[in-house]
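According to TrEMBL:
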SIGNAL    1-24  signal peptide
TRANSMEM  137-161  transmembrane segment
TRANSMEM  182-199  transmembrane segment
TRANSMEM  285-307  transmembrane segment
DOMAIN    294-419  domain 'Fatty acid hydroxylase'
REGION    445-472  region 'Disordered'
Amino acid sequence: MKRKSSPLLFLPLFFFFLLSLSLSLSLSFFSHSTNQDNHRQARIHSSPMDFILDKADEYVLDSFYRSLPAIPVPDLIAGLAAIPSLADSYSLLTNTTTPPLNTLKTIASNVVSASTAAGLTLNTLENDNLFRQIISLFHITLLGAFLMYFVFASTSYLLVFDQTHTKHPKFLKNQVKLEIQMSVKALPGIAVLTTPWFLGEVRGYSRLYSHIHNVDAIIEKTAAAINPPSSVIQETFAAAIATGTPSLNATALNAAAHATAAAEHAARAAKFGPLGSIVSPFLDGWGYVLVSCLAFLFFTDCGIYWVHRFLHHPRVYKRLHKPHHKWIIPTPYSSHAFHFLDGYLQSVPYHIFVFCVPMQKYIYLGMFGAVNLWSVLIHDGEYKLDSNVINSAAHHAVHHLYFNYNYGQYFTLWDRIGGSYRKPKYEEHFELKSKAETWKKQAKEVDNFDENGKPTAASDDSFKPKPTKKAL
């Protein structure tokens, strides 16, 4: 009998996803704030991608774009500005004197005219042009994805992967080649969908920040006099800078910045009432870096679990996630061997986080690289960690073998909450993992699942859903 998936199953998971988001937003309220206007007026590299794009422009892209033919390109900012607001659009379209189709044609004509009025060409675009940034970021993202995939996966395959797995009856012929081919096809699509997130970071919409300590950010902002001052001390120094007061010097600036930072820190701590003295060390500097890293892991682990479990819904699984489960016995190269929408959806929590929660840009870059490496390591087949807390390679091997368990990314918490946790059997994944009889048993169990990865009547009872108790 076919197992039915109840939509109620996802309600507790969605609740905990919202709980994670609430926690993250609370952290962002009591911590740093980025300065979008500051970034837009002067490139201060508020995100790692901004820094990478700036260096790529300086050393490669500026000369590359200048060498291109004078192909006309649209001014996207002007074109977007020509689009009427929703209220104006509704008013125009409901105007009885003009047919709606004519109105739409007029709006489209205005947008085209506005976007082409400047006469921009591909070889004359400035490095802050929106169209150029989109093109550049796509290629940087794609190149970075290929580099990370091949460096991490190849290193793990050559140095860590247990090669005895290639003898498993469920290991496919030419599997590594097939995994690489699927990954190479998926990464361009993922890069297209990921580019808008990086564009948002570059244009100052994320909450990534540069300085570990708030006082350093205040010094930078006050000395540059770019943003409106946020305190009396900063107003004083902004006025002094504007009038060229001779007494203004680095010592005075430093003292004022420290005083401002201390006042802002005390105000944030006061919001926690009697707990202020306890949380105070974690509201700035390295203490906050630690909190933001923990929040990143908590938020993304919950988000990926929810997305991953959604991808196993029968209506979604065959279209998106089933290609990844072609690899019953995965290798590090299977870490990115999936449908491009599958891979993108599971990456979304990483990007959402830094648009909700302030995080130091290089810490984020390190965490982003680490989670990509982790995705490779949980496919390496080297079962060294027998843990009830960490979602290890052994746990993920259970997921690839038996489909409906261990959806989590780093931890087992959400699988325990969602009732999808299955502990790897010690005798199968650690003590006797390479024994022929163990492999034969696993292969038989896999064959008893249907095309959607659901247990059938022939499956072992441990894979079947537990019968619900009827109310008396």
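Backbone N, Cα and C atoms are what each Cβ position is placed from, and that goes for glycine too.
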Residues from the same chain, set at least six apart from the ends of the transmembrane segment (182-199), whose C-beta lies under 8 A from its own: 47, 49, 130, 133-134, 137-138, 140-142, 145-146, 149, 323, 333, 336-341, 343-344, 347, 351
For the domain 'Fatty acid hydroxylase' (294-419), the mean pLDDT of the predicted model: 91
Per-state residue totals over the domain 'Fatty acid hydroxylase' (294-419) - DSSP helix, strand, coil: 86 helix, 4 strand, 36 coil
